[in-house]
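Reading through the structure tokens given below for one structure.
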Amino acid sequence: MTNPFDSAGSKAPPKPFTVSEGRREVRSFVLRQGRFTPAQQRAFDERWPRFGIDYNGQPRDLDATFGRPAHKVLEIGFGNGAAMRFAAQHDPSRDYIGIEVHAPGVGRLLNALADDNADHVRLYHHDAVEVLQNEIADGALDEVRIYFPDPWHKKRHNKRRLLQPAFAELIVRKLRPGGRLHCATDWEDYAEQMWDVLDATAGLVNRAGPRGSVPRPDWRPQTHFETRGQKLGHGVWDLLYDRT
């Protein structure tokens, strides 16, 4: 695999990808470079060939990628990687795929994976919609996790939120029947939108009933996003959906 960043970290991000939804386009995250620490830069230089997946826009055989058949869990927007690392440490029988656009977060997790010798984890530094549409086969995933996505809390920016109908339908296609979607947010308004979208998406059933949430499952640790939200007086909503 090639290093997605040269030693100067100068790769220009591609144009954001979109999913058409009527007359409106739903955008995934925009690649964000951020600042590298020397350790994070070394992570890309030294760890990416082992744990990274270079996006090429072609369907991928995930069992071949990991060298085994196992349940496949995708986390979209893993941030600093704490939740993914926790899951990989506590259930190594599963294979984990992470997508994150913030390069320093990717670098941090690369170093952690090397420390853990976690060869059952692979990372993308790319647009989530492009990865799902072009590299993940329909029915290839057992679970999709989306923890604390950007709430775009200003009303005029709500349309930029990730959980839109077109994106939910894309996730349904990639989950096998019997698979699971787990979302978490500390913004009540975003939880309301998630219910609006996901409860109405064919192929998804809310495990807690319409407009319901569940207690934080033991496979999701309390993240720094969650802690920050609680300090601001926000609640936290975990939404769990089964793929029919």
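Backbone N, Cα and C atoms are what each Cβ position is placed from, and that goes for glycine too.
Here the Cβ of D150 (active site) has 13 other Cβ atoms within 10 Å, regardless of which shown protein chain they belong to. Swiss-Prot lists D150 with the feature active site, giving similarity to another entry as the kind of evidence.
What Swiss-Prot lists as S-adenosyl-L-methionine binding site is E75, E100, D127, D150, and the listing cites sequence analysis.
All protein chains considered, the CB of D186 (substrate binding site) has 22 other CB atoms within 10 Å. Summarising the annotation, Swiss-Prot assigns substrate binding site to K154, D186, T223, H224, F225, E226.
Per Swiss-Prot, the feature region 'Disordered' maps to 1-22.
Residues or ranges marked as region 'Interaction with RNA' by Swiss-Prot: 156-161.
With a 10 A radius on its CB, D127 (S-adenosyl-L-methionine binding site) counts 24 other CB atoms from all the protein chains. Just so you know, the Cβ of T223 (substrate binding site) picks up 20 other Cβ atoms within 10 Å once every protein chain is counted.
Distance between Cα atoms for T223 (substrate binding site) and E100 (S-adenosyl-L-methionine binding site): 16 Å, as a whole number.
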